[in-house]
Amino acid sequence: MTAALEKLRKVALRLLQAVPTVFGILVVCFLLTRALPGDPAAYFAGDMADAESIEEVRRTMGLDQSLPMQFVSYLKDLAQGNLGMAISTGQPVTAELANRLPASLELTLGALVLSFLIAVPLGVLAATRPNTWIDHLCRFLVTAGVSLPTFFTGLALMYVFYYLLDWAPAPMGRLDLMFLPPEPITGFLTIDAIIAGDWEVLRAALAQLALPTITLALFTLAPIARMTRAAMLQAIASEFVRTARAAGLSGRRVLVTYAFRNALLPVVTTLGMVFSFVLGANVLVEKVFAWPGIGSFAVEALVVSDYAAVQGFVLSMALLFVALNLLIDVIYTLIDPRVGEEA
Amino acid sequence: MSVPLLDINRLSIDFVTRNGTVRAIDDISLAVGKGETLGIVGESGSGKSVTSYAVMRILDRAGRIAGGSIQYGGVSLHKAKERDLRDIRGREISMIFQNPRAALNPIRRIGQQVADVLIQHSQATRANAREKAIDMLRAVKIRDPEKRYEAYPYELSGGMCQRVVIAIALACKPRLLIADEPTTGLDVTTQKAVMDLIMELTREFNMSTILITHDLGLAAAYCDRLVVMEKGKVIEANGASELFHAPHEAYTRQLLQATPHRDSNVRDLLPDELRKEAISLPAQRTPGNPILSVRHLRKQFGKPGAEGSHLAVKDLSFQIREGESLGLVGESGCGKSTTSAMVMRLLDTSEGEIEFLGEDIAPVQASKFAAHPLRGKLQMVFQDPTDSLNPRWTAAQSIADPLNRLARDMDSKAREQRVVELAGLVGLPINLLNRFPHQLSGGQKARVGIARAIALQPKLLILDEPTAALDVSVQAVVLNLLEDLKHRLGMSYLFISHDLNVVRLLCDRIMVMQNGEVVEEDNASELLDNPKTDYTRSLLAAIPHPPETGKSAERASV
């Protein structure tokens, strides 16, 4: 019981450590957009505006005030969930993000789960049977995964499965136009469809998800499989696995409880890193599959220097990273008793 | 011993390496009877561990039994199936390993690791495994076994971890225990406790034991019979006392000779031909003026009174005179390494003076000492000859490093010459200077470490267990080298070790430390022959005592 409390205390302590990071992100995010070239006031006022109306816009936007004052009002707006208006779409940034973030997350998480499910068993098998066909297959997939750019795999998959075989639906967004999206609750179409009990929609959403998910999964498979294989090899060669074998423990017990649990630690770390790659790679995949995600939104906003939108995007991404790192640390604390002990 | 419990007959083992097949074990035969304790003694590379892995059939992938047979109680282990072996391992034959902390799963509670074995071999059900594991922990004399069941290996000391490994090995009451260097790296007192525990339990369970060790003294003290191995072959096998008293083979004799014991002096360790060549040592040494005076040295880790704070060194004072060797002895955690790090100015002091060559260097910050003019006069030789060398530097680069940093007035030509000269001083063949550490043997790496330390002609050399990682025969040569260098170069030594027999060989005076304090200090012979404190006595008593020989009397008369 005390052990559980102790763990809880460690987790809470780690959560507290995230507070300064979040504040730092807010500051950087705020300064970054102020440093962007171009005058937002002139942009907002429109092409026909004269100097006076630009000044007018500047005042209403609060851009005439000092930087610290601007920061305070930025924080005030933020506290109310107000991230400003996106010029390119004319919608509040908050609404845009709330719409698009789940689309991106659904894609990214789906890809990560898929690649994790394939890569980890593959890496484990490759490590336990070195120089067999499974080891070679692992090596081939890893090489292919790192050397093929995502837009290429995306297009290739589309060509084969949509154009040639016609197995996949048209790569046009999250749901075929024939279907009505379910009541948005989580924003994840698949989950909302399950909640609504609409199996037809679920099938259609999954069909749309399949190709982009596979594209991203192929990309993320490589580092995870490689790390799993390396960590497993190291764990198998370790002295405690030798002890376990010498004590006559069954092969499965040695492999799972002794080798794999230890090998999992670096794999979890890699997973966190891979997640950040994928958010970057997302932009390309979203473009190729016309996916209404946050990546394509950000690229469009950047092109027209829509600073509220960019700010909102950077902020949400940064917060996502912080949350993710927190999650990884918490998982780490839970599986490795040594974390946070050597202070 | 009609039918032996374990019978190894003409066993050969090959290892497949990148450079072709290497024969690690070459046609060896040995047997262990019921209730017998067999010692397998040999230096690194002798194949003693490989033999035991072959018995357990846990050789790594590259190893292969190339010939011969291993019979255990009617089972042919050398061709048994993996599934059958699993029932034999842990239940019939088990094993204890060197480096106990690494031998335990770092992220699993130690009690569960014991319970795993019990459940595997149907000695316990899930319901009572915990209870039985706790009983086993109690049997290996772990205090508070109910509480310790929940502990992770990193929370326990090395000695405690070894007890857990023993508990795992003996949980199912096997009939044969193989102990592979079970006490290497542990303090003498812990070594004694662990060895006594193994002997007590194996006797209680009526088990046979194979003790694999590089320490002849340890093997002779605990075993009925001894087998000496060298380069994959059995050199000699005999009863422990017979082998110790009357070794037949030259290699055994050399090994016996190289093992320091109570009444050997440093030259005795060398093989005859080397001893003849050695320079004669002055019989009486008169130390000169003090070069190092440490007064009231203290080191406090953490804030006093705070949780986890620790007073590592308490009010320590000592002197080292010119040409003198001072031994610093104690168990791990006694503060000897902290003391040496402070003298070496690698660690800031909390209080006290360190007067070196007339100057108090204690106030100099540890991070700034590298630029101090006295830095070159104070050098250190480290415990692990491999880890203390940069793996990407050749021997010559390592030796030249202090010259490059501190002898600015030397030109590159002079430096090169000095490196060659230093190699000659420490007996490192010149053609090895271009090699990298992994291409050198342990003894050669130790020589590189010593050459690097003496490059700037230091006045004081701090030796931190310089031979702990070496084989006895190499240790003998390195100890003699250190003794020669001291006289030729007029250095003083601060020699840190837990091995009293080694300290005795090199040191004029010995200081025994416990819990950050000096408990006893005296001339080496006086302290070791007539210890005044119980602590020193317990340290001395913990040194394994081989069966008494007539040798000490014999040597006295020579």
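Cβ coordinates come from backbone N, Cα and C, glycine included.
Quick look at what TrEMBL annotates:
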type	residues	note
TRANSMEM	A:12-33	transmembrane segment
DOMAIN	A:101-332	domain 'ABC transmembrane type-1'
TRANSMEM	A:107-128	transmembrane segment
TRANSMEM	A:140-165	transmembrane segment
TRANSMEM	A:205-225	transmembrane segment
TRANSMEM	A:263-283	transmembrane segment
TRANSMEM	A:317-335	transmembrane segment
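Taking Cβ pairs closer than 8 Å, the transmembrane segment (A:12-33) reaches residues 70-71, 74-75, 78, 307, 310-311, 314-315, 318-319, 322, 326, 329-330, 333, 340 in its own chain, all 6 or more past its ends. Of the ranges A:107-128, A:140-165, A:205-225, A:263-283, the one with the most Cβ pairs under 8 Å to the transmembrane segment (A:317-335) is A:263-283. Remote same-chain residues near the transmembrane segment (A:263-283) are listed as 104, 107-108, 111-112, 115-116, 120, 123-124, 150, 216, 219-220, 223-224, 227-228, 230-232, 234-235, 293-296, 298-299, 317, 320-321, 324-325, 328, 331-332, 335-336 (criterion: CB distance under 8 Å, separation of at least six residues from the stretch ends). With a cut-off of 8 Å between Cβ atoms, the residues of this chain six or more beyond the transmembrane segment (A:107-128) that come close are 134-135, 137-139, 141, 209, 212-222, 224-233, 236, 255, 260, 263, 267, 271, 274-275, 278-279, 282, 285-286, 291, 293.
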